[in-house]
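Participant: In case it's useful when we look at the structure, here is the feature table from Swiss-Prot:
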- Gly10, Ser11, Gly12, Lys13, Gly14, Thr15, Arg122, Ile131, Phe132, Lys194: ATP binding site (BINDING)
- 30-59: region 'NMP' (REGION)
- Thr31, Arg36, Gln57, Leu58, Val59, Gly85, Phe86, Pro87, Arg88, Gln92, Arg155, Arg166: AMP binding site (BINDING)
- 121-158: region 'LID' (REGION)
- Cys125, Cys128, Cys145, Cys148: Zn(2+) binding site (BINDING)
Amino acid sequence: MKLVFLGPPGSGKGTIAKILSNELNYYHISTGDLFRTNIENDTPLGKEIKQIVENGQLVPDSITIKVVEDKINTIDNRDNFILDGFPRNINQAIELDRLLENIKIINFLINEKLLVKRLSGRRICQSCCKIFNIYTLPTKEKEICDFCQGILYQRKDDTKESLKIRLQEYNLQTKPLINFYSNSNRLNNIDASKNINEVQKNLMEIISKIEKKLV
């Protein structure tokens, strides 16, 4: 099944996608991971992406579509994967429909106040990249990783100022996708404000219902 996870930053769609990729052998395609790989490899696209992200803006369609299409073309099984963070707007959705058929959409619903709390509190270990949260998953020692004792840091785009810009961009560009997919009966909403186990359980129920309809 080809799944698209929609939802604002901090809605937990990336975490759930990784869980499904491990438990159900879905191939997880994260635009965030693709962007970071380009940045780490210091590619021409990576340099461009880095500047855009540090300014708290969304990466433009031309770059995003190319990065995602290139990745999809490397997958052997193109019938069983999750797209996380793509598409973000109608233009990208149209391009995705050109590339793939029978896409099903999971829309992660969560209120903005909880989003800001989740993201502004996020801290990442510089050494092992484990993720913590000063509000919901604090470390035993302040700013020190529980696993490797590495130093924690806050991403520049996780500050409250950057988050406001990111959420404004999301509301402006991505929310119209809800109508786009709803009109074609591909939209499935899920309450992402619950804990991760409940969200996973509800998602499995949705996937099961979709599979029954496809039989």
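Just so you know, glycine gets a Cβ as well, placed from its N, Cα and C.
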Participant: Within the region 'NMP' (30-59), count helix residues (DSSP H, G, I), strand residues (E, B) and coil residues, in that order.
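Facilitator: The counts are 21 helix, 1 strand, 8 coil.
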Participant: From the centroid of the CB atoms of Cys125, Cys128, Cys145, Cys148, the recorded Zn(2+) site, which same-chain residues not already listed sit within 8 A by their CB, in sequence order?
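Facilitator: Once Cys125, Cys128, Cys145, Cys148 are set aside, the remaining close residues are Gln126, Ser127, Cys129, Lys130, Asp146, Phe147, Gln149, Gly150, Leu152.
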Participant: Give me the Cα-Cα distance between Cys148 (Zn(2+) binding site) and Gly12 (ATP binding site), rounded to a whole Å.
Facilitator: 24
Participant: Check the DSSP secondary structure of Arg122 (ATP binding site), expressed as helix, strand or coil.
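Facilitator: Arg122 (ATP binding site) sits in a strand per DSSP.
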Participant: Using a 10 Å cut-off on CB atoms, tell me which of the binding-site residues Phe86, Phe132 is the least crowded.
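Facilitator: Checked Phe86, Phe132; of these binding-site residues, fewest Cβ neighbours within 10 Å: Phe132.
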Participant: Identify, in sequence order, the residues in the chain of Val59 (AMP binding site) that are 6 or more apart from it along the sequence and have a CB within less than 8 Å of its CB; answer 'none' if there are none.
Facilitator: Thr31, Phe35, Ile49, Ile52, Val53
Participant: Would you mind sorting out which of Gln57, Cys145, Arg155 (the binding-site residues) have a C-alpha within 10 A of the one on Arg122 (ATP binding site)?
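Facilitator: So far as Cα distances go, the binding-site residues lying within 10 Å of Arg122 (ATP binding site) are Arg155.
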Participant: Let me spell it out: for each of the binding-site residues (Cys128, Cys145, Cys148), count the other Cβ atoms within 10 Å of that residue's Cβ, using every protein chain shown. Which one has the most?
Facilitator: Cys145
Participant: Pick the one among the binding-site residues Arg88, Arg122, Arg155 whose Cβ has the fewest other Cβ atoms within 10 Å in this structure.
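Facilitator: Checked Arg88, Arg122, Arg155; of these binding-site residues, fewest Cβ neighbours within 10 Å: Arg155.
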Participant: Rounded to the nearest Å, what's the C-alpha distance separating Gly12 (ATP binding site) and Phe86 (AMP binding site)? Just drop the number here, would you?
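Facilitator: Computed Cα spacing between Gly12 (ATP binding site) and Phe86 (AMP binding site) is 15 Å.
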